[in-house]
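Presented below is the structure to which this report refers.
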Amino acid sequence: MDIIFVIVILILLGFFLKYFGILSEKDKVALNNIVIYVAIPATLFLSLLRNVDAKDLGSYFKLTIFILIITLACAVLAYGIGKLLKMDIKSLAAFILVACCGNTAFMGFAIATGFYGVDGFIRAIFCDTATLFVIIILGTYLGIKVSGRKVSLLKQVVRFPPMIAWVVTIVLVILGFQISMLPAFVVTTLGYLSGIMVPLIMISLGLSLSPKYLKVAAIPAILVTVIQLFFAPALAVILSNFFALSGLDRNVAILQAGMPPAMTPLVFSEIYGMNSKLISGATFLATVVSLVSIPALHMMLDAGWI
């Protein structure tokens, strides 16, 4: 449970750095770029090469498919709710994206590592692969619908640094490449770069969170919170039986399914003109509630109640 306190402290650090004017909300862009272009690729490369064997890839990819199904189910549910509420196209696109894409990377990596160590983190990586595909492909597709811009979905996928690092490392794992084949100073450097991932992610999250848009998007924010923190993990518990998941695989997958909204949808909303206020309000509320729901979910999993 200590990881929750660590996360709260780091998020609050980001919040107070913004509150006292030491950093501004705009500084999150620089922090996120360091995380996306440096820290996450370094972490993926090191962790996968150190801990994954080619013979285990089949069981890990099952987690990717598992989270993909849950993510798409949340997207379909959000689409139906958005249509019932007669949302305009900008709000509907934002609502679908924020309701289906959980924070399986930024928060998910930290949570899985804190609760289950490196073994949990490895499984979280393969869970996040599904979220990554959906965010990029669905986010770009919805963005095209909203803005009318012509953008290549394939280019968006292949240009994303964590995706490049993931594909390259998986290929190296299949080819039998070992981390010991690299010079020691390279491994040490990658270790230092990997170590900045969680602190920068949480500080950036603290800079991003703001309740100022909650009033204008209260209903969508509540609905997103229910979908992400309650519907998704409940569906994960049910589907885990069909996927024959057990032990650490099951626990990590269900926890990943119960993450609050990712921060990336906000980036897509700003690029393509979606309703960014809706995304900001929903992300704030769900993230705050998740600081209670995630420990509760972890406790129920460890106790065998679900």
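The backbone N, Cα and C atoms fix where each Cβ goes, glycine too.
According to TrEMBL, the protein has these features:
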- 6-23: transmembrane segment (TRANSMEM)
- 30-48: transmembrane segment (TRANSMEM)
- 60-80: transmembrane segment (TRANSMEM)
- 92-115: transmembrane segment (TRANSMEM)
- 121-144: transmembrane segment (TRANSMEM)
- 164-186: transmembrane segment (TRANSMEM)
- 192-209: transmembrane segment (TRANSMEM)
- 221-245: transmembrane segment (TRANSMEM)
- 278-301: transmembrane segment (TRANSMEM)
Interface-richest range of 6-23, 121-144, 164-186, 192-209, 278-301 toward the transmembrane segment (92-115), CB pairs under 8 Å: 121-144
Contact ranking winner - 60-80, 121-144, 164-186, 192-209, 221-245 against the transmembrane segment (30-48), Cβ under 8 Å: 192-209
Winner by Cβ pairs under 8 Å against the transmembrane segment (6-23), considering only 60-80, 164-186, 192-209, 221-245, 278-301: 192-209
Recorded stretch, among 164-186, 192-209, 221-245, maximising Cβ pairs under 8 Å relative to the transmembrane segment (60-80): 221-245
